[in-house]
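Listed in Swiss-Prot for this protein:
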{"type": "DISULFID", "residues": "54-67", "note": "disulfide bond"}
{"type": "DISULFID", "residues": "61-72", "note": "disulfide bond"}
{"type": "DISULFID", "residues": "66-79", "note": "disulfide bond"}
{"type": "SIGNAL", "residues": "1-24", "note": "signal peptide"}
C-alpha cells in the first residue's frame, strides 16, 4: 500500500515537473518570433523618414495639414486624394 502511494506521488510530481518544463519552453518559443521580427524590421536612424510639416497619403490629419494634392477626409480624418464627392 505504501509503495502504491509513493509511486502515485512520484508520478504526479513528474507530471507537474513535465508541465513546468513544457510551459517554460513554450513561453520562450513565443518570444522568439517577436524578437526575430523586431530585429528584422528594426529601423535604423539613417533610414528613418524625415519629419514633415504636412501629412502624406493615408496619414492622420487631426493635428497636421495634408500635403499639397491631398485633402483631409471629414469622415476618417486621413489625408486622401481629392475627389468631387469628398469634402
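Numbers run from 1 along the shown chain.
Just so you know, glycine gets a Cβ as well, placed from its N, Cα and C.
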Smallest Cα-Cα separation from residue 61 (disulfide bond) among the disulfide-bonded residues 54, 67, 79 is shown by 79
For residue 79 (disulfide bond) and residue 72 (disulfide bond), the CA-to-CA distance in whole Å is 4
From the Cα of residue 66 (disulfide bond) across to the Cα of residue 72 (disulfide bond), what is the distance in angstrom? 6
Quick one, of the disulfide-bonded residues 61, 66, 67, 79, which Cβ has the fewest other Cβ within 10 Å? 67
Looking at the disulfide-bonded residues 54, 72, which one has the fewest other Cβ atoms within 10 Å of its own Cβ? 54
Could you measure between residue 54 (disulfide bond) and residue 66 (disulfide bond) for me? Cα positions, answer in whole angstrom. 5
